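Provided herewith is a single structure, encoded as structure tokens, for subsequent inquiry.
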Amino acid sequence: MTETQSLELAKALISRPSVTPDDRDCQKLLVERLYKIGFAAEELHFGDTKNIWLRRGTKVPVVCFAGHTDVVPTGPVEKWDSPPFEPTERDGRLYGRGAADMKTSIACFVTACERFVAEHPDHQGSIALLITSDEEGDALDGTTKVVDVLKARGELIDYCIVGEPTAVDKLGDMIKNGRRGSLSGNLTVKGKQGHIAYPHLAINPVHTFAPALLELTQEVWDEGNKYFPPTSFQISNINGGTGATNVIPGELNVKFNFRFSTESTEAGLKQRVHAILDKHGVQYDLQWSCSGQPFLTQAGKLTDVARAAIAETCGIEAELSTTGGTSDGRFIKAIAKELIELGPSNATIHQINENVRLDDIPKLSAVYEGILARLLAGNAV
């Protein structure tokens, strides 16, 4: 493929150091491009976060691309082989922070829109973009707030493509059609501090928690299903003591996380954890935080259309998967009938020397255009 517009736009976006939640006028650049082909733009900024809702058309179905202009920090700049915010072509790849996650995806969808609208100026339905600068950070003032606004006025999405990097070995080999939920716990086990030579005068919270910890790690929370692996329980941090070797600690702090399937619920997991702790007589405080519920798009029109577009452009059959971390799809699913994630390789995201293959860039744009054509121009699947 010789199409170069996607590459040039990706470079323009990467060159803007939009470390979360700073947008650095990335969204302004997108608005300038899409305004020329009939998109209306609505700014929905909250705090330091910039959000934009772009839409062309007023009819249904609504096909929406969702993405984020913010990127994670670069890490030690001296470890990069080229400056992270100077997009560099090298060894058949485009290097730069945000190349994979996810400025290339945004660029590819914009250029796909430009070509599609040029060929189908009177297309069916509507095309929309939901872009935020707060996905890599706290994600409190970004997509979730925009979804609240759209939901309040009854503006729904029929088909949503989130441009997160999803490819494993080659472009198009994987589509995410769902994500696991994420539930975190911050547990404080209470004991009684004392001299280590007089354990009968103290209560060691490490010892009282140990049997409960064993049971928590061995518990089968669910068996998963055809779309989701079994729910996973993992300890992320555990800390207790004063640093001295002769003091029994007065408390133990344990941080843990569930990545849970649709076979489990937030309430059910909480109840089972409390039951195990109570069973072992643990004295504790436990604070919970759920950053996302599990969601699933059953195989249907959107997955069929995406797979057909991938097969046409990449010559491979895409696998449907729910593996990996959370994304803003967890918020958008509240107003989207069908939602998938589809983007470039995820092999170098958040890493030093983040990159994408140069020849994947025009292909990804063509895949997005193929999805639009099948959903809004009546092209056969």
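Every residue gets a Cβ built from N, Cα and C, even glycine.
So Swiss-Prot lists these for the protein:
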{"type": "ACT_SITE", "residues": "Asp70", "note": "active site"}
{"type": "ACT_SITE", "residues": "Glu135", "note": "active site, proton acceptor"}
{"type": "BINDING", "residues": "His68, Asp101, Glu164", "note": "Zn(2+) 1 binding site"}
{"type": "BINDING", "residues": "Asp101, Glu136, His350", "note": "Zn(2+) 2 binding site"}
State the count of C-beta atoms found within 10 angstroms of the C-beta of His68 (Zn(2+) 1 binding site), not counting that atom itself.
33
Just checking, which of Asp70, Asp101, Glu136, Glu164 (recorded positions) has the fewest C-beta atoms within 10 Å of its C-beta?
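Per-residue Cβ counts within 10 Å for the recorded positions Asp70, Asp101, Glu136, Glu164 bottom out at Glu136.
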Taking only the recorded positions Glu135, Glu136, His350, which one has a CA atom nearest to the CA atom of His68 (Zn(2+) 1 binding site)?
Glu135
How big is the gap, in Å, between the Cα of Asp101 (Zn(2+) 1 binding site) and that of His350 (Zn(2+) 2 binding site), rounded to a whole number?
8
Other than Asp101, Glu136, His350 themselves, what residues in this chain have Cβ atoms within 8 Å of the centroid of the Zn(2+) 2 site's Cβ atoms?
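The answer, listed by sequence position, is Val71, Val72, Gly98, Met102, Ile349.
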Around the Zn(2+) 1 site (His68, Asp101, Glu164), what further same-chain residues have their C-beta within 8 angstroms of the site's C-beta centre?
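These residues sit around the Zn(2+) 1 site: Gly67, Met102, Ser105, Glu135, Glu136, Val162, Gly163, Pro165, Ser327, Gly343, Ile349.
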In sequence order, which same-chain residues at least six apart have a C-beta under 8 angstroms from the residue listed as 'active site, proton acceptor'?
Thr20, His68, Asp70, Gly142, Thr143, Ser327, Asp328
